[in-house]
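Peer 1: Next up is a structure, given as structure tokens.
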Amino acid sequence: MDFDEVLREVGSFGLYQKVIICSVLLPAALPCAFHAYSQLFIAATPQHFCRVPELEPWTQDYVQLVKNLSIPRNRNGAYAECSMYSRNYTDIVRYLEYRPPPDLLRQQAEDLLKLQPDTTQVVPCQHGWHYDKSIYSSTVVQEWNLVCDRSFLVTLALVVFGVGGLLGNYVFGYLVDLWGRRPSFYAYLLLEIIACAASAFAWNYYTWLGLRFVVGLTVPAILASPYVLAIELVGPERRVFCTIVSNIAYSLGLVVLAGVIYIVRDWRELSLAVSMPLLMLFSCFFVLPESPRWLMAVGKTRRAIKILKVMARVNGVRVNRDFVERLQRKLVITRAAETKSSMTTHYGILDLFRGPNMRRKTLIITLIWFANTSVYVGLSYYAPALGGDEIWNFFLAGAVELPTYLLLWPGLSYFGRRWILFISMLVGGVACVATFLYPDITLLLYCVGKMGISSSFVVLPLMASELYPTVVRGLGMSFSSVISMVGPIVIPMINHMGQQMLVLPLIVMGALLILGGFASLLLPETRNRNLPQTLEEGEAVPLSFLLCCCVESERKPNNIRASPKKRILPEAGTPVFHRVDTPVSDRVPCKIVCSICKNEMRTL
């Protein structure tokens, strides 16, 4: 049974859907943004230098003096963060005790540095570190000294968070079909709030790491649940709208998170600030309906009909008296057909790779999905490392997404999916790579790259859902999205490698985007096309192969003969047409076969 027909009878986008989406589903996008990226500031690394116990009395008031006495400089002239001078600081302390403050400020330790100019050795920090608290009053890095040879533990926390997301995305696919959309969402939300709030009371790094893993388990589910519910409550003509609005809500969550971080600078307080207010979402538990589409799919017809009646009443639609009878009759027929089909056909992941066209489309979609997820998460993680005000950079990273979605909305309706996906990824990739040539405008190029990846991140799931056949659509979407979650595991390591070369992660992410952009040209356009229902229909839709000859030939009349020209051998890589005459008569039609996509066209 086509549920979209049922929605048209009760109102596919009326007051009921608008109230649910605006009051519940859009605010529900905030937890994902909060918990996915608050860790960047909970585990922020402030400026630091080696602690020298003998110079401790002067550290607070004469920081520059203490650094000159104890800290060497790097090649770029900055003070080292992981090394110090090995000196007899007892003699220096005796000298400092008898110097008045004005003399100390004036001399800047020039005389003291001459005491041991040749014999001074540089050694790693021996007694811990002093941290700059002008930006953050406290972070996990400060509390557990996750710097220097322990700095990789910060990256490890992001990797573990990504592993949790990978597993959570896999488990959520089962729970959402087993429990339903609403119970799954609130179960994950409760687990997320408890784990994030508990991490504020962690007593060591590994306890905090384990709790962040649990938070990572819930983030994909929290992100997917509002989107799935919104899509299933509206008609097909409003799904692009729901996709855009859902992403706008997510970007607003990033902007709001930047404001929360600006106010709360202690990591324990920040963990509570991004978790406890989300308990207010439970006040909507009895307002948010279960998906009637899912209820019908699992045979809970009475609950589905009850929700549909409420939907019709709120939307101001009067349904016919025989509405319930017709609906139940359709359900019986549909269930019998599905039972018969399930007895003969079972689909698995291998079905995505049986036919050559489906295999290629699955691999291309998965590659592009991996590139999108990796670069989007990577650029969001990279924002605080751009230099300058870290919180302002993160605010910009979220704010630049908002105008992108407003421009994308009409573009998807008038220009299609394929070219918008290609242009978005190409522009974003070129902007990221260009930071190597124009380092002075890295922030501007970063914003352009973020706008590009934000656009493609919206288009790809929509295009993928229109390319996978109905019988394996959910399976194909899950497969591609799960594989793409490897990106958030790998990308923190690339960002960690970029500590010595700031633009290195941007170059890697830009190259990945460009590769995915050109791969998107191999996919066929899906705008205004009927969705494939079976594997055979999906296999019959050929790849596009950039500017395939078959696409151009559709615009030309078949009965016009080209004027005879001198025969020229085609260049390598260009499509070649093979004429295959049938030996029936001299006037029979012939087949023109494209050598690239193997699509046959009949002409005179």
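Here the Cβ of each residue, glycine as well, is placed from N, Cα and C on the backbone.
Just so it is clear, the model here is predicted, and its values are computed rather than measured.
Residues annotated as N-linked glycosylation site in Swiss-Prot: Asn68, Asn88. Residues annotated as topological domain 'Cytoplasmic' in Swiss-Prot: 1-23, 173-182, 234-243, 290-362, 412-418, 464-473, 523-604. Taken from Swiss-Prot, the feature topological domain 'Extracellular' covers 45-151, 204-212, 265-268, 384-390, 495-501. Taken from Swiss-Prot, the feature transmembrane segment covers 24-44, 152-172, 183-203, 213-233, 244-264, 269-289, 363-383, 391-411, 419-439, 443-463, 474-494, 502-522.
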Peer 1: If you count Cβ pairs under 8 Å, which stretch among 152-172, 269-289, 502-522 touches the transmembrane segment (183-203) the most?
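Peer 2: The stretch with the most close Cβ contacts to the transmembrane segment (183-203) is 269-289.
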Peer 1: Per 10 Å Cβ neighbour count, which of the glycosylation sites Asn68, Asn88 ranks highest?
Peer 2: Asn68
Peer 1: Just the number: how many Å between the Cα atoms of Asn88 (N-linked glycosylation site) and Asn68 (N-linked glycosylation site)?
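Peer 2: One finds 15 Å between the Cα atoms of these residues.
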Peer 1: Restricting to the topological domain 'Extracellular' (265-268), report the mean pLDDT as a whole number.
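Peer 2: Overall, the topological domain 'Extracellular' (265-268) comes to a mean pLDDT of 94.
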Peer 1: Is it the case that the transmembrane segment (152-172) and the transmembrane segment (502-522) have 3 or more CB pairs under 8 Å, with pairs at least 6 apart in sequence?
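Peer 2: Per Cβ check, the transmembrane segment (152-172) does not touch the transmembrane segment (502-522).
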Peer 1: Six or more residues beyond either end and a Cβ under 8 Å away: which residues meet both conditions relative to the topological domain 'Extracellular' (495-501)?
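Peer 2: Non-local partners: 151-152, 155, 378, 381-382, 385.
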Peer 1: What does the DSSP secondary structure composition of the topological domain 'Extracellular' (384-390) look like, as residue counts for helix, strand and coil?
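Peer 2: Taking the topological domain 'Extracellular' (384-390) as a whole: 4 helix, 0 strand, 3 coil.
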Peer 1: List, by number or range, the same-chain residues at least 6 past the topological domain 'Cytoplasmic' (464-473) whose CB is under 8 A from its CB atoms?
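Peer 2: For the topological domain 'Cytoplasmic' (464-473), the nonlocal Cβ contacts are 345, 347, 351-352, 358, 361, 365, 369, 417, 480, 523-524, 526, 529, 531-535, 537-538, 541.
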Peer 1: Any chance the transmembrane segment (443-463) and the transmembrane segment (244-264) are in contact, meaning at least three CB pairs closer than 8 A with a sequence separation of 6+?
Peer 2: yes
Peer 1: Per the definition of 3+ C-beta pairs under 8 A with sequence separation of 6 or more, do the transmembrane segment (24-44) and the transmembrane segment (474-494) touch?
Peer 2: no
Peer 1: Going by DSSP, is Asn88 (N-linked glycosylation site) part of a helix, a strand, or coil?
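Peer 2: It is coil.
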Peer 1: May I ask for the residues of the chain that lie six or more residues beyond the topological domain 'Cytoplasmic' (412-418) and have a Cβ under 8 Å from a Cβ within it?
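Peer 2: Residues packing against the topological domain 'Cytoplasmic' (412-418) from afar: 240, 459, 462-463, 466, 520-521, 523-527, 544.
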Peer 1: Helix, strand or coil by DSSP: which one applies to Asn68 (N-linked glycosylation site)?
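Peer 2: Helix, per DSSP.
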Peer 1: DSSP says what for the topological domain 'Cytoplasmic' (173-182): how many helix, strand, coil residues?
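Peer 2: Reading the DSSP string over the topological domain 'Cytoplasmic' (173-182) gives 8 helix, 0 strand, 2 coil.
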